[in-house]
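Student: What Swiss-Prot shows for this protein is this:
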type	residues	note
TOPO_DOM	1-11	topological domain 'Mitochondrial matrix'
TRANSMEM	12-40	transmembrane segment
BINDING	GLU40, GLY45, SER441	Na(+) binding site
TOPO_DOM	41-50	topological domain 'Mitochondrial intermembrane'
TRANSMEM	51-86	transmembrane segment
BINDING	HIS61, HIS378	Fe(II)-heme a binding site
TOPO_DOM	87-94	topological domain 'Mitochondrial matrix'
TRANSMEM	95-117	transmembrane segment
TOPO_DOM	118-140	topological domain 'Mitochondrial intermembrane'
TRANSMEM	141-170	transmembrane segment
TOPO_DOM	171-182	topological domain 'Mitochondrial matrix'
TRANSMEM	183-212	transmembrane segment
TOPO_DOM	213-227	topological domain 'Mitochondrial intermembrane'
TRANSMEM	228-261	transmembrane segment
BINDING	HIS240, HIS290, HIS291	Cu cation binding site
BINDING	TYR244	O2 binding site
TOPO_DOM	262-269	topological domain 'Mitochondrial matrix'
TRANSMEM	270-286	transmembrane segment
TOPO_DOM	287-298	topological domain 'Mitochondrial intermembrane'
TRANSMEM	299-327	transmembrane segment
TOPO_DOM	328-335	topological domain 'Mitochondrial matrix'
TRANSMEM	336-357	transmembrane segment
TOPO_DOM	358-370	topological domain 'Mitochondrial intermembrane'
BINDING	HIS368, ASP369	Mg(2+) binding site
TRANSMEM	371-400	transmembrane segment
BINDING	HIS376	heme a3 binding site
TOPO_DOM	401-406	topological domain 'Mitochondrial matrix'
TRANSMEM	407-433	transmembrane segment
TOPO_DOM	434-446	topological domain 'Mitochondrial intermembrane'
TRANSMEM	447-478	transmembrane segment
TOPO_DOM	479-515	topological domain 'Mitochondrial matrix'
Amino acid sequence: MFANRWLYSTNHKDIGTLYLLFGAWAGMVGTAFSILIRAELGQPGSLLGDDQIYNVIVTAHAFVMIFFMVMPIMIGGFGNWLIPLMIGAPDMAFPRMNNMSFWLLPPSFLLLLASSMVEAGAGTGWTVYPPLAGNLAHAGASVDLTIFSLHLAGVSSILSAINFITTIINMKPPAMSQYHMPLFVWSILITAVLLLLSLPVLAAGITMLLTDRNLNTTFFDPAGGGDPILYQHLFWFFGHPEVYILILPGFGMVSHIVTYYSGKKEPFGYMGMVWAMMSIGFLGFIVWAHHMFTVGMDVDTRAYFTSATMIIAIPTGVKVFSWLATLHGGNIKWSPAMMWALGFIFLFTIGGLTGIVLANSSLDIVLHDTYYVVAHFHYVLSMGAVFAIMGGFIHWFPLFSGYTLNYTWAKIQFLVMFIGVNLTFFPQHFLGLSGMPRRYSDYPDAYTAWNTASSMGSFISLVAVILMVFMIWEAFASKREVSVMELTTTNVEWLNGCPPPHHTFEEPAYVKSNS
């Protein structure tokens, strides 16, 4: 029965599909918010209203894209679908908890949307810093609803993380060691550990904010001996690992795509890739204060956070050059998924370079809260995480659905999206360098030209999103079935056919060890 299958599902493939659909829908909402932002900024002067409504839209855009698009698709969608198949497990370790992890997200989304419907909305930015998020600057229920939304999304992610860690460690065949796992499995394992360690700190921080707002505590209020800087430390101790949570599964997917379409049986430097991801995961926890260079830290503290942040470039560089080495000498197949992966490598590297610039505390003091920062993190998210999702989706779509996409349309869509995102975010570097601040709905006329270019780019990206929807419709309408898959011996998720049966591995998978 339909309701039983989809509401009470304990099947990793069905839950993965639910995550993908939910993430796609949230992605539409988040895209709509971003179009509103760029429409407002396309010309000087006011379009939608004051800065409060503008910042409510910015905040909603961030939360929707992070917690309801990237994480559900990468970890929930691809993770649920692929991890059990890749390690030969019959399902996830805790199938019913898996179901709950998903069904906590729609109520969480509902609370977030409710927060913008009551009072003036939560116009705090996704960081929700007090005192702006306190009960004077944001009277009413908006910020409280946002906090509850974050709590639900956080519980969902923590349960999901426990589930993935248990599944990956405990449900491999006896012959498969840690170092025989595909890189995507590694990336999800490391991501899950990061979630498990960072989310409780966020929960503590926003719970203290909640009591400051409603129960008259003064954790973040200097009048009662509190300190708003404490909130920033708690938030960014979560917030920085979070950005690595958003990109690590993308690293895993790109490794698979680049290896597959280079005709290689394994990625270059497997162990280097694994250790690079583990290093990134570890270092991600000890650099959080580089988001706070402007709050007045000691010079030696700033020196530490500058150098620690720069060290992350080393394992990241290991990954980039290993991808290039995987490509080297390969029989390269220019499929759309490969194009997304190559676009990922190039644009993520550019985003990484601007990150190195911002790691310098002296430079960051000038660039902090300008559009240079916006350009930086959108290069690594809008062209890193999103490109990885697009490449992964196109690569594994035949596995999920049993049908193939039209490759010509897929290549056109890639080209449109590539032009759109670059036209949107490249000019923002110039705006930032000339001092245009973030989180304002209006700006001096001097900034008009680059803002107009940026807004044009966002509308091109919108066309690409619509093209994507059309491509998926076209694939299901045409029903071109998958004829044959290549390289299945080193891509075990394809071994059970396209799509795989509802229950795979009803008896334990036999894995022969080559080492």
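Placed from the backbone N, Cα and C atoms, the Cβ positions cover glycine too.
If you look at the structure here, what lies around each of the features I listed?
Tutor: As a summary of secondary structure, the topological domain 'Mitochondrial matrix' (1-11) carries 6 helix, 0 strand, 5 coil according to DSSP.
The number of other Cβ atoms within 10 Å of the Cβ belonging to GLU40 (Na(+) binding site), over all protein chains shown, comes to 21. Look at GLU40 (Na(+) binding site): DSSP puts it in a helix.
Non-local neighbours of the transmembrane segment (51-86) in the same chain are 12-13, 15-17, 19-20, 22-24, 26-27, 29-30, 33-34, 36-37, 40, 92, 98, 101-102, 105, 108-109, 112-113, 116, 120-126, 146, 149-150, 153, 157, 160, 164, 167-168, 171, 181-182, 184-185, 188, 191-192, 195, 242, 245-246, 249-250, 253, 381, 385-386, 388-389, 392, 396, 399-400, 439-442, 492-493, 496, 500, 504-505; each lies 6+ residues outside the stretch with a CB under 8 Å from one of its CB atoms.
In the three-state DSSP scheme, HIS61 (Fe(II)-heme a binding site) is classed as helix. Neighbour count (other Cβ atoms within 10 Å of the Cβ, all protein chains): 20 for HIS61 (Fe(II)-heme a binding site).
Mapped onto DSSP classes, the topological domain 'Mitochondrial matrix' (87-94) shows 1 helix, 0 strand, 7 coil.
Counting only same-chain residues 6+ beyond the ends of the transmembrane segment (95-117), those with a CB under 8 A from a CB of the stretch are 7-12, 15, 18-19, 22, 26, 56, 60, 63-64, 67-68, 72, 76, 80, 141-146, 148-150, 152-153, 155-157, 159-160, 162-163.
Residue counts for the topological domain 'Mitochondrial matrix' (171-182) under DSSP (helix as H, G, I; strand as E, B; rest coil) come to 3 helix, 0 strand, 9 coil.
Across the topological domain 'Mitochondrial intermembrane' (213-227), the DSSP tally of helix, strand and coil residues reads 5 helix, 0 strand, 10 coil.
Counting only same-chain residues at least 6 apart in sequence, those with a Cβ under 8 Å from the Cβ of HIS291 (Cu cation binding site) are GLN232, TRP236, GLY239, HIS240.
A 10 Å cutoff on Cβ-Cβ distances gives TYR244 (O2 binding site) a total of 21 other Cβ atoms nearby, all chains included.
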Student: Using an 8 Å cut-off from the Cβ centroid of HIS240, HIS290, HIS291, can you name the remaining same-chain residues around the Cu cation site, in sequence order?
Tutor: TRP236, GLY239, VAL287, TRP288, ALA289, MET292, PHE305, THR309
Student: When a 10 Å sphere is centred on the Cβ of HIS378 (Fe(II)-heme a binding site), how many other Cβ atoms does it contain?
Tutor: 19
Student: If you count Cβ atoms within 10 Å of the Cβ of ASP369 (Mg(2+) binding site), leaving out that atom itself, what do you get?
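Tutor: Excluding its own Cβ, ASP369 (Mg(2+) binding site) sees 14 Cβ atoms within 10 Å.
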Student: Which of the three DSSP-derived classes (helix, strand, coil) applies to ASP369 (Mg(2+) binding site)?
Tutor: coil
